[in-house]
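This report concerns only the one structure given below.
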Amino acid sequence: MSTADNPKEKEHGSASLGKHLQLFGAYLRFNLAAAMEYRGSFLLQVFGMIVNNAAFIIFWAALFSKVPRIGNYGFREVMFLWALVSASFGLAHICFGNIGQVSRMILQGELDTYLLQPKDVCLNLIASRSIVSAWGDLAYGILLFVTVFGFEPLRLGLFFAFTVGSGLLMGSVIFSAQVLTFFVGNSSAISRLVTEFVISFTLYPECIYRGPVRWVLYSLIPAGFIVFVPLRIMQAFSWPALGLLVGVDLAYVCLSYWLFRIGLRRYESGNLIGTRM
Amino acid sequence: MPEVIALTLRKARKYGLVARTSLQNSLAYRANFIFDSFFYAFIVFIFMQLWRSIFHRGGSIAGYSYSQILWYLIITEMLTFSQSNVFEDLNQDIKSGNIAYLLNKPFHYLLYQCANGTGPILVKWLINGLTGLALGSLWIGPLAGFSPIRLPLLLLAMANGLLLNFLAMACLGLSAFWLEENTAFYWIYQKLTFIVGLFLPLEFLPAWAQRIALWLPFSYVNYGPAKLVVAFSGPAFIRIVTVQFLYILGLAALAGWIFRRGVKRINVNGG
C-alpha cells in the first residue's frame, strides 16, 4: 500500500489548521532554544552571515560611484532587492530549515519517521529543522532596509509582509526542486542549481534581463514575484498588484504542496530505523 | 650532497604520486566539475547582462572597456570556481579526529593536503578555462592587444593566485585546532577576496582603498592575474608575481607554524 493512501494519515492530514500552526510554533521555539544552547556559536554564525552579506554593499557602492544608474535602478533600489532577498531567504530557512534536505532524506528513507507521526507529513518534515545562520540573513535584510529606507511604519509593515510572501515563494521553489527526487531520482543537483538561479536572478536589477530570460523570471524561476513586483508596489502602491502578488505566492505554495503529496505516493521505505528526540 | 638531492627527489616523487592519484580521482568524477562549470557559465551570463546595460553607450569606465571588463570577470570567476576545498577538508579532519590517522603516515600532513588538492584544482581549472574561453570568444569576441605568446606568464600568475588562496584557506582551516566554529572566518576571508578584485577591478574602489588593497594578499588571488590578462605590461608582471611569491612563502611558513602548534593540542581518545 502506498504511504499516501494510509487512512490514518488522511485523517491526520485533515486535522485543523490551528493544531498545525501550534506544531509550527512549537518547532520554531524548540529550534531557537536549541540554537541558543550554544550561544557563542549562534552569535558568531549570525554575525558572520551579516558581515558576509554586507560585503556586497561595497561592490554596489563602488559600482554606483562610477555609474549613476543602471536603467531605472539606483543604489537604493538595488539595496531593496538585497534586503528583501536576504530577509525572505533567512525567514524561509528559519521556519523551514529542511527544505534544502528533502532530496537526501527521501533517498535515505528518512521520511518513515514523519509518516508515523500524527501530523501533516509535509509541514512536519520541513519545519522540524532550522538553519542557525539564517537568523543572520533575516537580521541583515531588516537592518539594511531600515538603514536605507528608515523606520516609516507603513513602508516597514509592507516590507515585513513582502518578506513573508517572498519567503514562502522562495521556499516553495526550492522545496519543489527537492521534491522532484520522488519522480526523477536524486534531484539535489537540480535543486542546487534552482536555488542558485533564484538567488542570482533576484540580486540584480530587472532591467538587465531581456528576451526569453524575462519569461523565465515570471514563471519557472519566479524572481520577478520574489523581488521585482514587491519593489514596484513599494514605489507605487496598488491593491490589484498586491492582490496579484499574494495570489501568485499562494499558488506556488499550493503547487509545491501538491507536488509533494503526489510524489509521496511513490515513496518507498528505506527500512531505516531512526529516532527523533 | 648527492644523498640530500636523492632524498629530496624521493620525497618529491612521493607527493607527486599523491597528486597523480588525486588527479585520477578527479577525472573519474568529472561530471561534478562539469556541473560547477555550468554554474560558472551562468554567473558570467548574469554579469554579461549587467555590464551590457551599463555600457549601452560604449566608452570606458575606470579605464576598462566593455570587452576588458568582461574578460576580466571571466578570468576572476574562473579562478574562484577552480579553487579547492582545503578549508573544509582540514576542518573535517581536525574536528572529526581523522587527523590522528593521517599524522602517523609517512608524509607531512600539510604537504599531503597540498598534493591532494592539486587534482581537483587542475581539472576544474582546465574545464572552467575552456568554458571561459568559449564564452568569451562567442559572446564578447577577442580581447584587443592580447598575445598568446604571453600565455605561459599569465598561467604562472594564475597558478600563483590559486596557490596563494590555497595557503590562506589552509591557515584558516587549521584554526579548527582551537575553535569549534570557525566558518565565520572563512566567510569573511571569502568576501574580502570578493570585494578586492573578484567582482570589480581595484580601479573601481576609491583611491585610498586601492592603495591599501595593493598591500593585501587578496588582490593577488584574482585581481593580479586578471589585470595581467586584460592589460599586460612587463613591470606589472614582475611586481605582481614577486608579491605573489612573497605572500606564498609567508603563508606557507605561517601554515607550518600554526600546524606545529595545533598538533601539540591534539588529544584523541579511543581508536
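Each residue, glycine too, has its Cβ placed from N, Cα and C.
Quick look at what TrEMBL annotates:
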- A:42-67: transmembrane segment (TRANSMEM)
- A:79-99: transmembrane segment (TRANSMEM)
- A:132-151: transmembrane segment (TRANSMEM)
- A:158-183: transmembrane segment (TRANSMEM)
- A:215-233: transmembrane segment (TRANSMEM)
- A:239-260: transmembrane segment (TRANSMEM)
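Ranked by number of Cβ pairs under 8 Å to the transmembrane segment (A:239-260), the listed stretches A:132-151, A:158-183, A:215-233 are led by A:158-183. Packing against the transmembrane segment (A:158-183) from elsewhere in the chain are residues 83-85, 87-93, 95-96, 99-103, 106-107, 126, 138, 141-142, 145, 149, 190-191, 194-195, 198, 221-222, 225-227, 230, 233-234, 237, 245-246, 248-249, 252-253, 255-256, 259-260, 262-264, 266-267: each is 6 or more residues past its ends and has a CB under 8 Å from a CB in it.
Ranking A:42-67, A:79-99, A:132-151 by CB pairs under 8 A with the transmembrane segment (A:215-233) puts A:79-99 at the top.
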